[in-house]
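Chemist: Sharing a structure below in structure tokens format, with a few things to ask.
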Amino acid sequence: MMIITTMQDAIGRTPVFKFTNKDYPIPLNSAIYAKLEHLNPGGSVKDRLGQYLIGEGFKTGKITSKTTIIEPTAGNTGIALALVAIKHHLKTIFVVPEKFSTEKQQIMRALGALVINTPTSEGISGAIKKSKELAESIPDSYLPLQFENPDNPAAYYHTLAPEIVQELGTNLTSFVAGIGSGGTFAGTARYLKERIPAIRLIGVEPEGSILNGGEPGPHEIEGIGVEFIPPFFENLDIDGFETISDEEGFSYTRKLAKKNGLLVGSSSGAAFVAALKEAQRLPEGSQVLTIFPDVADRYLSKGIYL
């Protein structure tokens, strides 16, 4: 039994779930592995980022005991930063577009954060603009700005990716994962590519995202999808992008709950659909890795699981 003194101590070391053709149309002798990041204490992969950003902030002097952390977020990064901030007695302010789930906003407030909403029509760009305005007006504030900060992919390069190699070795055929800020995908993909040069890298986005050549537009899958190209993809040889509809993502989110007891968010459902498609186009015996980024409880009001 691991004894901890703060919830921050429980971040990481998440299990890996193995899927075979028992429940899904996966080719014979192939497997899909999902890193269950929804089991982090804050309920998402972003716990790793929150821990890393605040740790690096203290190391570089950007954060002191009097700092107020300000960040634009769809929710999970805010939850992660608020969770880690508790240990250091830091104030947190998060700017969230109105469209994102009320549960995530309630969790941030429960962890002591101030949540400020921006119009849905302005997207995450509006939240970024508002966050920068707040940072200019509030003394002793720090704006990590995950969408531009190289510490974002670095967090996963140094934490998530080494765990994956330790657990699964270097025989993986493909890495398939959702792209939101781009940090989880870029940091993990770069580490894996350095150790498994032949690994395929497949990004996952919802309809209404631009990575696969589409036009920006509305979508109900939360946590992935971009309005602009993340800056972390330079010199990263991505093999392709899989665009998943809300209907596909929600359908597999429900299946993962009912068939496997995996209570995950819709970005996990989308990632699994994409991983399944990748496994089906690869030779038998292939090993596909994906990430389940967050937990179901923050989306219950969306009616996804009914």
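For all residues, glycine too, the Cβ spot is worked out from N, Cα and C.
Marked as N6-(pyridoxal phosphate)lysine by Swiss-Prot: LYS46. What Swiss-Prot records for ASN76, GLY180, SER181, GLY182, GLY183, THR184, SER267 is pyridoxal 5'-phosphate binding site.
Mind running through what each feature is packed against?
Modeler: Sequence-distant contacts of LYS46 (N6-(pyridoxal phosphate)lysine), defined as residues of its own chain at least six apart whose C-beta falls under 8 angstroms from its C-beta, comprise ASN76, THR77, ILE79, ALA80, PRO293, ASP294.
Residue environment of GLY182 (pyridoxal 5'-phosphate binding site) contains 25 other Cβ atoms, counted within 10 Å of its Cβ in all protein chains.
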Chemist: I need the least crowded one of these binding-site residues (GLY180, GLY183), counting other C-beta atoms within 10 angstroms of each C-beta.
Modeler: GLY180
Chemist: Give the number of CB atoms, excluding that of SER181 (pyridoxal 5'-phosphate binding site) itself, located within 10 Å of its CB.
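Modeler: Excluding its own Cβ, SER181 (pyridoxal 5'-phosphate binding site) sees 28 Cβ atoms within 10 Å.
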Chemist: Look at each of the binding-site residues, THR184, SER267, and point out the one with the fewest other Cβ atoms around it within 10 Å.
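Modeler: It is THR184 that, of the binding-site residues THR184, SER267, has the fewest other Cβ atoms within 10 Å.
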Chemist: Residues near the pyridoxal 5'-phosphate site, ASN76, GLY180, SER181, GLY182, GLY183, THR184, SER267 excluded, by Cβ within 8 Å of the Cβ center?
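Modeler: So the extra residues in range turn out to be VAL45, LYS46, GLN146, GLY178, ILE179, PHE185, GLY223, ILE224, PRO293.
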